[in-house]
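This report refers to the structure that appears directly beneath it.
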Amino acid sequence: NLFQFEKLIKKMTGKSGMLWYSAYGCYCGWGGQGRPKDATDRCCFVHDCCYGKVTGCNPKMDIYTYSVDNGNIVCGGTNPCKKQICECDRAAAICFRDNLKTYDSKTYWKYPKKNCKEESEPC
């Protein structure tokens, strides 16, 4: 669920998901359109696509099982749908970590959605 996603982001990046990723670029936060603006925004685009492939459960609400082993997120549990949600969140948190150096709050934090009008690329 979104609370767990926040925890995974904090674990991987040391940053608050709400404060860093809830209103960034064209895809980080609620909804998404246009083309991703940078590598961080692309993490959110891929995460949105990943959630879009989940069927049979609610990615934003359902609780999944995970652990952290030597700094690595390990998704667990027996429910394949919930495990898929965890894998989406895990991949995004790692993507955020790997792209911290190019995170550009001056340009893309609270980026106007009116600037996200390009045709979206397919997932």
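Every residue, even glycine, has its Cβ placed from backbone N, Cα and C.
According to Swiss-Prot, Cys95 forms a disulfide bond with Cys43, chosen from Cys43, Cys44, Cys49. Matching Asp48, Asp62 to the Ca(2+) binding residues that Swiss-Prot gives (Tyr27, Gly29, Gly31) identifies Asp48. Noted from Swiss-Prot: Cys49 is disulfide-bonded to Cys123, selected from Cys116, Cys123. Per Swiss-Prot, the cysteine from Cys26, Cys28 that shares a disulfide bond with Cys116 is Cys26. Listed in Swiss-Prot as the disulfide partner of Cys88, from the options Cys28, Cys44, Cys50, is Cys50. Shown are the disulfide-bonded residues Cys44, Cys57, Cys75; the one with the most C-beta atoms within 10 angstroms of its own C-beta is Cys44. For Cys95 (disulfide bond), the same-chain residues 6+ apart in sequence whose C-beta sits under 8 angstroms from its C-beta are Ala39, Thr40, Arg42, Cys43, Val46, His47. Here the disulfide-bonded residues are Cys26, Cys49, Cys86; the one with the fewest Cβ atoms within 10 Å of its Cβ is Cys49.
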